[in-house]
């Protein structure tokens, strides 16, 4: 089968790797354009772009897929299917109709639960015990197409988004090949829209100590390594934490000499791994040995 692959993030790479190593032919790879990154603001290719280059697969990075010229290019490829995995761009309606088998998406959730841009993060944040991968047909609605294949896996009690993404991306690549190898005879099933939930992309990563500590711990795992708080006027990233029940102190107060912090609902947050501004991650005891500020209250913005 001849396919076009569309993806951008690290999650996309294993799917492309499975495709390149299979009997199927990858005609071209579509990915987001290089962007400035790092302290030097050097133009940096997406992980998918770099992997495709290393395997001599043609790469395109259009700013939009809606132009007539891009449509001509895709139609000339005459793909049997277009494979999408964490691409980050919306496909126009005409593209869904170009391939013989349409556009097939690798989605990291058990659809219809967690449609949208951040399904893995929301599975962790909501305390889901199980998640998985869905191989589905794309249609004009957000992650609402028919399902070809779905597999589940438990979420580890301390598993963060990095570890979960690595596992699900590998699952997705393997599952996709199973679908492509049997696409002529495989039947799809429609989703139950009544069970749909939506995973919006997060935008706020500052710890709110009014929340319960167990919820904050799930935030830390779901949005790793982005969650942070302010201590003595300086930003500190929170990379790993535990929680327990204890009431009595004011919310935001430090309750012992290990920087355990009173949170909402009679809970306490116990930071384990933190990262001060412009420094490397360290365990909480190492951090406190080198800290010279005031730690009586962390509710500083």
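Just so you know, glycine gets a Cβ as well, placed from its N, Cα and C.
Fair warning: this is a prediction, and the values are worked out from it, not measured in the lab.
Neighbours of residue 109 ((6S)-5,6,7,8-tetrahydrofolate binding site), defined as other CB atoms within 10 A of its CB across all chains, total 24. Following the DSSP three-state reduction, the secondary structure of residue 109 ((6S)-5,6,7,8-tetrahydrofolate binding site) is coil. Positions annotated as (6S)-5,6,7,8-tetrahydrofolate binding site by Swiss-Prot: 109, 110, 111, 112.
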Check the binding-site residues 110, 111 for other C-beta atoms within 10 angstroms of each C-beta and report the one with the most.
111
Write out the long-range same-chain contacts of residue 112 ((6S)-5,6,7,8-tetrahydrofolate binding site), meaning residues 6 or more apart in sequence whose Cβ is under 8 Å from its Cβ.
143, 144, 191, 192, 193, 195, 196, 197
Other than 109, 110, 111, 112, which residues of the chain come within 8 Å of the (6S)-5,6,7,8-tetrahydrofolate site, judged by Cβ distance to the Cβ centroid of those residues?
107, 113, 114, 115, 119, 132, 134, 143, 150, 191
